[in-house]
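Notes to accompany the following structure.
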Amino acid sequence: MADLFTGPHTITADIVKEHGLSESEYEVILDRLEREPNLTELGIFSVMWSEHCSYKSSRRHLGKFLTTSDRVIQGPGENAGVIDIDDGDAIIFKMESHNHPSYIEPYQGAATGVGGIMRDVFTMGARPIALMNALRFGAPDHPKTKSLVSGVVAGIGGYGNCVGVPTVGGETNFHPGYNGNILVNAMCVGLARTDNVFYSAARGVGNPIFYVGSKTGRDGIHGATMASAEFDDDSEEKRPTVQVGDPFTEKLLIEACLELMATDAIIAIQDMGAAGLTSSSIEMADKGGVGIELDLDDVPQREEGMTAYEMMLSESQERMLMVIQPGKEQLAFDVFEKWGLDVAEIGRTTDTGRLVLNHGKEVVCDIPIAPLADDAPNYDRPHTPTEKRDILQAHDVAAPQDQNEALLKVMTDPDMTSKRWIWEQYDRHVMADTVDSSQSGGDAAIIRIHGSDGPTNKAVAITTDCTPRYCYADPVEGGRQVVAETWRNLTCVGADPIAITDCLNFGNPERPDIMGQFVGCIDGMNEACRAFDYPVVSGNVSLYNETNGVAIPPTPAVGGVGLISDLAHVKTLKGMRPGETLMLIGA
Amino acid sequence: MIARVYVGLKPGVLDPQGRTIAHSLNDLGFDEVQDAKQGKVIELTLSGDDREAAEARVKEMCETLLANTVIESYRIELDD
Amino acid sequence: MIARVYVGLKPGVLDPQGRTIAHSLNDLGFDEVQDAKQGKVIELTLSGDDREAAEARVKEMCETLLANTVIESYRIELDD
Amino acid sequence: MTTAVIVFPASNCDRDAAMALKAATGKAPRMIWHKDTSIPDDVRFVVVPGGFSYGDYLRSGAIAANSPIMRDLKRKADGGLAVAGICNGFQILTEAGMLPGALMRNMNQKFVCRVSRLRLANAETRFTRLYDAKNEIDIPVAHHDGNYFADDETLKRIEDNGQVVFRYSDNPNGSRNDIAGVVNKAGNVLGMMPHPERAIDSLHGGTDGKLFFQSILGSL
Ligand SMILES: Nc1ncnc2c1ncn2[C@@H]1O[C@H](COP(=O)(O)OP(=O)(O)O)[C@@H](O)[C@H]1O
């Protein structure tokens with residue numbers, strides 16, 4: 001078996017296909033390598049060029065977004081976006097989807113989604129201060145809905161509560177269009193100092209590379225690939241593709257990383273998300289324009305006999321990769337050991353521009369890094385605009401016969417009913433800075449900024465929004481509306497909206513009508529962003545959300561963040577009293 | 001009739017609880033502990049006395065509720 | 001050597017988890033379920049091969065950490 | 001006055017507790033790492049904070065209860081040192097045998113985070129002496145394992161001794177006798193599931209937790 005992973009052998013068309021690579025993509029690999037890849041190398045190309053990592057269907061459209069303003073410190077392109085909120089404080093935030101894993105195993109899928117988005121944020125030097133979640137389930141009476149809702153909610157709470165970051169808001173909708181494909185989008189907001197933000201670009205030659213966190217196991221390795229028996233000696237038990245989260249280790253990672261970040265020991269840092277060791281090492285090398293050499297024997301491993309292929313593609317959770325300042329190795333070891341984390345020096349930066357992997361005294365991978373990023377597929381998928389429909393005029397709709405019944409119908413709609421059952425399972429107050437959260441039913445959550453000397457008089461407002469039915473009816477208008485809604489929600493609580501993150505959930509991009517929805521929504525969102533000077537600083541795309549050829553409603557979830565400079569000017573729904581005047585403002 | 005269902009994580013699935021228990025036993029001076037795994041036992045009291053039928057039913061209970069077969073495996077034992 | 005520690009609630013201690021399981025099984029149509037109790041199994045991999053010594057040590061682990069004897073009782077099984 | 005907060009891995013409410021102590025005493029508390037072996041002699045009051053020490057793995061509070069620092073905490077508490085365990089801290093103190101009973105999984109199996117209305121079952125303890133026994137107070141709860149259990153005999157004993165300090169008006173977790181907080185026999189060690197440290201700033205909604213800290217600190 002070993003030579004399948006290392007030695008000379010033929011990569012068959014089937015193997016290429018199982019790795020989700022097209023023939024033409026494989027041609028590019030052959031051309032860049034000037035030889036056949038071995039299986040490990042093929043695996044690395046396949047994950048780097050997957051939709052998930054390369055954004056091959058969406059990249060050219062995401063490029064249109066407004067991404068700068070005088071408050072943006074870092075826009076899209078890093079683990080999360082960074083904005084300036086004055087006084088040397090920065091807010092770092094991002095939203096991400098974990099749809100498919102949450103459908104397969106709701107508790108763990110949702111939990112690891114929360115864990116992943118938190119890592120994106122603390123990787124950049126921020127202490128996570130708030131979590132939000134945007135959830136979309138199928139019809140309430142669909143047989144799977146009940147257990148999906150309870151599993152997802154328990155998973156989000158189970159992870160966030162344990163790590164000790166408040167989950168302060170979100171949204172939950174029900175629609176038959178999500179019966180076979182729920183959406184679990186999680187957002188994390190963190191607080192850092194503007195002069196202590198960390199990036200992923202590796203620098204220097206010969207600098208040590210550290211691995212920290214949980215050991216690597218065979219978690220989530222390529223469903224398709226692993227199913228084929230030829231890679232798998234002991235396949236009596238089909239390996240689960242679902243990862244189990246370990247929020248306790250995540251909490252230790254946060255504390256340990258922030259402690260080390262307070263020194264000058266870290267040159268670059270990157271969490272291991274999807275395609276863990278592969279994407280983290282390649283992103284660090286590519287951004288820094290250096291090469292990387294890893295000794296896989298030194299990678300902390302949870303199971304015996306792991307191959308290079310398995311280690312590079314493992315999606316084990318709660319792991320980080322960092323380039324350490326030479327001479328600071330001991331300091332790093334001390335901090336991580338204090339927090340009881342597995343830590344190992346597993347390689348070094350080089351000046352070759354190549355990714356070299358050593359395993360068992362052999363070189364098992366030696367490929368140039370630039371093509372992995374530069375030559376990643378970038379498709380201009382055909383897209384047909386969604387047909388305009390006639391506007392539904394109020395006078396075309398019959399007035400309700402019975403006002404009480406109409407009101408009851410609205411109030412008992414699953415989208416309108418109280419979500420208390422959900423948010424009571426989330427710790428909304430830990431960290432003692434929650435000014436307003438789900439509980440009050442307000443438009444945005446409000447979190448006080450906690451400086452190094454204690455609480456300040458400043459706060460951030462956070463909201464997530466999306467109305468998929470508008471996007472379905474008219475993607476451009478729906479896209480505008482999503483962004484505008486977050487803007488209104490932030491404004492309503494007294495905040496100045498600053499920037500957004502997004503999570504673009506759509507169906508199969510290879511279908512022109514779906515691609516049309518995608519492009520339409522982006523165009524609409526972008527128009528609104530430009531109109532408000534309200535840039536996109538981070539985000540995530542989730543495509544192929546379909547079951548049996550039926551796509552989910554187009555769901556570009558947006559998370560907005562605004563600044564409240566003086567807590568005295570906060571406005572919430574709390575404290576209303578009988579006899580007060582209600583006013584309706586606007587169109 | 002009593003049925004006992006043992007539910008444990010499938011091999012290869014991360015067991016954070018087990019790992020933490022092993023560490024903590026080591027910290028307490030139990031150096032001989034090399035590894036720990038945590039599982040569940042569910043003891044069911046059942047009416048009826050047809051063992052074979054009971055076994056089939058309990059299997060069905062495991063598949064629908066008692067075990068999360070995506071990550072867990074189970075084993076059934078019957079007593080009288 | 002493998003030691004298996006079974007930890008369960010003492011009689012008389014209400015078992016909310018067990019109760020919920022029994023209810024849910026009834027709801028799912030498993031009417032034969034009269035009662036359910038949930039316990040833990042902790043499987044320890046131990047170095048050394050002196051069974052008697054191991055048993056004494058595992059007992060100590062239970063008393064110190066693995067069981068809360070205010071509400072739980074335990075039982076130890078040793079394999080080779 | 002010098003106070004202290006014990007910090008275990010994943011004691012998430014250590015900062016919250018420290019803020020409350022600082023607000024009450026004007027002085028930041030000492031943060032004591034779980035691996036330390038002694039509590040400094042100048043410390044007059046110790047908070048074992050809420051959170052998820054060791055991820056709540058095995059049983060909530062069980063692993064923390066065996067930490068090195070706990071031996072000295074027990075010794076000093078036996079000598080009269082004032083100690084309050086909040087939420088996970090309460091679980092740790094029961095696991096350590098410093099308080100009677102145990103905290104089990106909430107009756108409905110779910111984590112619960114809400115403001116809970118409490119009745120003062122005993123307004124004469126050192127921790128509650130500034131409260132008016134007639135009043136009810138609003139303090140947030142946030143826990144998964146807050147279902148207080150003690151066997152009949154223990155329950156009778158602590159009830160007879162006046163060791164039950166707080167009761168829920170709207171029992172959120174199935175606790176026997178609606179118990180939300182208890183003290184030891186000597187009255188210097190208290191455990192409670194609700195979080196008084198989350199009710200000291202009107203920004204968060206309520207300030208009913210203030211008198212808790214003022215009561216105990218004023219009695220030292
Ligand atoms: N819909 C989007 N809008 C704006 N930026 C996006 C969007 N999707 C992805 N990005 C940006 O592309 C980069 C790569 O995203 P992703 O692969 O999700 O990050 P990670 O490396 O954490 O997995 C990130 O900087 C992200 O902010």
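Just so it is clear, glycine is given a Cβ too, placed from its N, Cα and C backbone atoms.
What TrEMBL says about a protein is an automatic prediction, not a curated fact.
Keep in mind the model is a prediction, meaning the values are calculated, not measured.
Taken straight from TrEMBL:
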type     : residues : note
ACT_SITE : D:Cys87  : active site, nucleophile
ACT_SITE : D:His195 : active site
ACT_SITE : D:Glu197 : active site
Note to self: Test of understanding: give the count of other CB atoms lying within 10 angstroms of the CB of D:His195 (active site).
What the structure shows: 29
Margin query: Same chain only, sequence gap of 6 or more: which residues have a CB within under 8 Å of the CB of D:Glu197 (active site)?
Written below: D:Cys13, D:Asp16, D:Ala17, D:Met19, D:Ala20, D:Val47, D:Pro49, D:Gly50, D:Ile86, D:Gly209, D:Phe213
Next item on the list: Restricting to the same chain and to sequence separations of six or more, state which residues have a Cβ under 8 Å from that of D:Cys87 (active site, nucleophile).
Entry: D:Cys13, D:Pro49, D:Gly50, D:Gly51, D:Val141, D:Ala142, D:His143, D:Gly146, D:Met192, D:Met193, D:Pro194, D:His195
Notebook entry, point to check: For D:Glu197 (active site), what is the secondary structure by DSSP, using just helix, strand and coil?
Noted result: helix
